[in-house]
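A.B. asks: Take a look at what TrEMBL says about it:
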type	residues	note
BINDING	B:E59, B:L416, B:H468	Mg(2+) binding site
BINDING	B:C78, B:C81, B:C462	Ni(2+) binding site
BINDING	B:C465	Fe cation binding site
Amino acid sequence: MSGTLCIDGIAVPFSDGQTIIEAARSAGVYIPYLCHRPGYAPYGSCKLCTVKVNGRTNTACTLPAADGQTVISNSPDLQHDRQRITQMLFVEGNHFCPSCEKSGNCQLQAVAYHQNMLDNHYPHFYAQRELDASHPDILIDHDRCIFCNLCVRASKEKDGKEVFGIAGRGIHKRLIVNSPSGKLKDSDISVDDEAAHVCPTGAILVKRSAYLAPIGERIYDHHPISEVACEKAVLDTQAAKGHASCDQAQLAGQVPQNSGSDSHYAASMPPAPDIKHGR
Amino acid sequence: MYEYLETADPALVAAGKLKRVAVDPVSRVEGHGKVTLLLDEDNKVQQARLHIVEFRGFEKFIQGRPYWELPVMVQRLCGICPVSHHLAAAKAIDQLVGVDPANLPPAADKLRRLLHFGQVLQSHALHFFHLSSPDLLFGFESEIGKRSIVSVLADYPDIGLQGVKLRKYGQEVIRMVSGKRIHGTGAIPGGMNKALSQAERDYLKQDIAQIVVWAQAALQLVTKVHTSHLPYYDNFATIRSKYLSLTKPNGALELYHGGIRVKDEQGETLVDHYDYCDYPALIREEVRSWTYMKFPYLTALGKADGWYRVGPLARVNNCDFIDTPLAEAARVEFKLHGGEAMVHSTLAFHWTRMIELLHCAESIEILLDDPDLLSSDLVTKGEKRHEGIGVIEAPRGTLFHHYQIDENDIVTKANLIVSTTSNNTAMNESVRQVAAEYLSGRELTEPLLNNLEVAIRAYDPCLSCATHAVGKMPLQLELVDAEGKLVDKLIRHSNGEFIHGSE
């Protein structure tokens, strides 16, 4: 099935099998997400991509696109909820952007900028989580894990292994490693595995690769995540032609524009080389 | 010489005969400190102390982190001289990946030097113009409303603006090399993460000639201020001390890498070209109960005599020459001023700071013509080691970073001896000198108390950088009942020993 749905007043075509978030991305419309990744099976855990579809709340990463759907993504209510969700992720772990090597390349940080998150809102948990530095080439900093399950899926679906799992429920939820000792060094992960590179935060890192990208050449230095997450060619076309309206004038008045510049360095740095999304 | 003022006679304290005066906080310095005086009935000073009352703890909380985070994490110690911490840590982690300073690619070495010249330039400009010039231009005991950069900008707009722009230029050097004016990234294990682009190099070149001219003007200003208030400026807060700094192998002034030199009060060389990796044998640190900042001393000379001063005065006093012409001419004039081998005047810190400012401006001008800055050969690697030591001349003096890591690349031990820490005894001695010579016996007023701050400011202390020990501070816990009667007491001494019991 293919057809057109309407997201915040923009006509978005979709093809057979696409979810709403995939259709949106193909059309250059950004819906924030963390547990989703193009090319991965839908998971639906982070709830950032929550949208209203024909008046009902759904996650855009799991709901198949259907002809005639009316989707609201950018409403003040949904933006507010997204900001709160992001803040909860920050206070639940221990995220110190100033010294984190993922800073500037971190999807969680970029989403927080996009959500205009200026404080934590909630009290910090100060969770006690251990570092697993046992593997010679890969580091797990549990402080930064947001349980997006991407490493679990990457290991299983892309690498044909089962290195990671999520155990426990609620506040006891934790990332575990499938090895006799529970340590990464005793697992069969390899530094070339997709699971070693897929983490959207700084929880799973390749050792000795920190700060190699200078400030000004990091993924989100010049372009906010709302641009980075979409195909550059699509955005260029859009910039030339503009979005196709789905002719729902009643939406136009109440929907804020998907406003952009949430990069700190955009104004002061020389232009960056062409940056693509991904690792 | 004024050690007797560190602790007042306990009998006088117990008798309740002393009144307490506190300067809290000490203003126009980085970080938070206070001065306390105990005065007797005739306003004679019986005790004078500089307390550092904040606590930072970096030495503790970087333990358990991977070593490559160190340069970026520890630079957060400070917003004024982050580059110095960044580079001291970088030099230490170079060793962790098996790279000694001599093996660093020339491009990386020069980019780091450029970065650091920018750092020292901006920090010295900040200190002289923003923090100290109000005292120097309006007088130590001028009214409080006058003593700020705002008044300097109003009354001496040219001087004030030059100060602001000198600092800005240093910040721009830092931004071009490390990506941000404050807390960028640049140094990585074994090198740097980017070279200068031609556009960035040309951007810095367009203003450097003007910066050298302004730096000369700043030096002329401080020289004039100092020499037109003699002998007051030579004597105020002045103490005779030893001096410790790095120098180049040929004895020249050095800010990035060299051997340790120590000279005594008469200018005799006690230690020369000492490998800083052996610093634990050279220096120890003492803990005292009334401040969070430690007291380093030269092991061979002991706690009483082994203290020393670091910073611009130490560096200019210690070096044989400066390898840029304008700064060298200024150094020669400066050394003649003292009339003896070493200049001990505490206010001469300002003078030497401006000599170094000029040296930085000249050095940046020379470096910007070096094609190596544009080279892409930026990183090298060697065999992993488990211990790394990096020492650098930060704006405020010699800075030591020392780390140990385990087989998983995790930091297990860290020791930082920050420049200001090395000046702890000296700052206290200068505070006591001012208290004894200028305040004792007088009715204390706010402008008079500013004299104490002027003495401290000369050292340009960075108090927030300097307090890191965890678990070594003596701690006393008292349980007091509703009538104020002591019920129980627990004391932990600096050696970790606990004493429990009510009195």
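Glycine too: its Cβ is placed from the backbone N, Cα and C atoms.
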A.B. asks: Cβ neighbours within 10 Å, counted over all protein chains: which one of the binding-site residues B:L416, B:C462 has the most?
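C.D. replies: Sorting the candidates by Cβ neighbours within 10 Å, the top entry is B:C462.
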A.B. asks: Can you tell me how many other Cβ atoms are located within 10 Å of the Cβ belonging to B:C81 (Ni(2+) binding site)?
C.D. replies: 28
A.B. asks: If you count other CB atoms within 10 A of each CB, which of B:E59, B:C78 wins among these binding-site residues?
C.D. replies: B:C78
A.B. asks: Closest to B:E59 (Mg(2+) binding site): which of the binding-site residues B:C78, B:C81, B:C462, going by Cα position?
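C.D. replies: Considering only the listed binding-site residues, the nearest one is B:C78.
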A.B. asks: Measuring Cα to Cα, how many angstrom lie between B:C78 (Ni(2+) binding site) and B:L416 (Mg(2+) binding site)?
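C.D. replies: Between the Cα atoms of B:C78 (Ni(2+) binding site) and B:L416 (Mg(2+) binding site), the distance comes to 13 Å.
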A.B. asks: Give the helix, strand or coil assignment DSSP yields for B:C81 (Ni(2+) binding site).
C.D. replies: coil
A.B. asks: Take the C-alpha atoms of B:L416 (Mg(2+) binding site) and B:C462 (Ni(2+) binding site) and report the distance between them in angstrom, rounded.
C.D. replies: 14
